[in-house]
Amino acid sequence: MDYICIGRNSSKNSCPCDDPLWDRSVFAETMQTKFGLYCESIWLISFSQSMMYVGLLVGALIFGFLSDKYGRLSMFTMSCLILAVSGCLVSAMPSATAYIFMQNIEGIGTGGAMITAYVLCIEYSGLKHREIVTALFHLPINISHMTLPGISYLLRHCDDFQLALSIPVFFYVTLRWLTMESPKWLMDSGRIDEAVTVMEKIAIFNGISSDNIREQIEEYHAQHSTKTRKQIKFWQIFKHKKITMNVLYMSVIYFLCGMGYYGVSQYIGKMSGDIHINVAISGALLVPGSIAAVFLLKLLNRRTFLMITIILSGTFMLLSICVPMHLSWIRVVISCICNCFFFMSFIIAFLFTVELFPTSVRNSVLGFLSVLSRVGQITAPLINSLPENASGAVFGVLGLIGIIFCYLLPETKDTELPSSLDDSKLLTRRGTSLELNIAIT
């Protein structure tokens, strides 16, 4: 927020300053005005945002590992509880240090909830519905992105705004009593009775017979040897060259997607001055990408679709910097199209990941890759500190590099979710069908 230093001069944001008069025309109170952050202490504002990103990174990693061990639903509930409590406490913190610390905890809860919720949804879904569930999972995120500036417009005080976002999250803690654990995780963890109970409830809800569900699940479980059924640790996947290379390829893709999506979002934000309009437009422009992904995921192979979105995102970014600076509206439109393709790349990468790796490490790998995405996100502001055309060129060129790593990945379309490392190793660039004798939904 801008300020004028009383008693010195009328210029904006001058330093040193003992008594700032804040411009409250947009917001009544922010972290900056609440704790008096300006001049020598202004760096704490960007530091608090960075610590939120660090929390997202840590949360995705920690809860990725924990959900593979203790279950998706339990860790989703725990993540939401941390998010709700810490979010409410942020508004009550008495100092900037305490505020930043609690924001970091809030980020941990957010990162955990996002990862566990996505994997839980995918493992609920049958093979033929996996693509549409993946795309529709991101649509509410787009809608919430669009409505966020409306809440901010109505609640101009940072504490009121924080509470309005945090209190409703307590509702999701109750989902533990309203929904069920992933049947896929229960089956591959050897918890057959619980898996049968869940699948019977699903069958009743869907209006189909549940008479032979136990027999099917027991047959599926029996056909997997002790070796393939054994629960592996995340670090054990690096003993296998093919799986290790797949992790490496996806790591680069996640880094580039994180850097590109968040970086171009910030890049677009620099082109307009109204913060509420910026956030609303950036959210609205992602909705067409999510809707298009519903249909394109059905039509195209994973590798093909991911390569197309990455090519188009990099190309449109490079096209935008070729447009003369005085045609700013054209540059904005092209950059928004670029960001839409970066977002679609994220959608495909999420689905690709859960289809590449076995159940016992699926969330761990997704959490690890999300860390790489957050690292890319953290580097984005550094790139945006460059001149406009230079930062656009970096985003475009680095985005195009991802094509190489997409090509090296195996194809996973129309395959059952792998239960073991052996299943993952069967995947090839031409695709394969993992012949399982039971479809879990």
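Cβ from N, Cα, C; glycine included.
The following features are taken from TrEMBL:
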type	residues	note
DOMAIN	1-414	domain 'Major facilitator superfamily (MFS) profile'
TRANSMEM	42-66	transmembrane segment
TRANSMEM	73-93	transmembrane segment
TRANSMEM	99-120	transmembrane segment
TRANSMEM	132-155	transmembrane segment
TRANSMEM	161-179	transmembrane segment
TRANSMEM	243-263	transmembrane segment
TRANSMEM	275-297	transmembrane segment
TRANSMEM	304-326	transmembrane segment
TRANSMEM	332-353	transmembrane segment
TRANSMEM	390-409	transmembrane segment
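Predicted-model confidence for the domain 'Major facilitator superfamily (MFS) profile' (1-414) is 85, expressed as mean pLDDT. Between the transmembrane segment (161-179) and the listed ranges 42-66, 132-155, 304-326, 332-353, 390-409, the one holding the most Cβ pairs under 8 Å is 132-155. Non-local neighbours of the transmembrane segment (304-326) in the same chain are 253, 256, 260, 264, 296-297, 334-335, 337-339, 341-342, 344-345, 348-349, 352, 388-389, 392-393, 395-400, 402-403, 406-407, 409; each lies 6+ residues outside the stretch with a CB under 8 Å from one of its CB atoms. Within its own chain, the transmembrane segment (243-263) has Cβ neighbours under 8 Å at 237, 306, 310, 313, 317, 339, 342-343, 345-346, 349, 352-353, 356-357, 365, 368-370, 372-377, 379-381, 383-384, 391, 395, 398-399, 401-402, 405-406, 408-410, 421, 424-425, counting only residues six or more beyond its boundaries.
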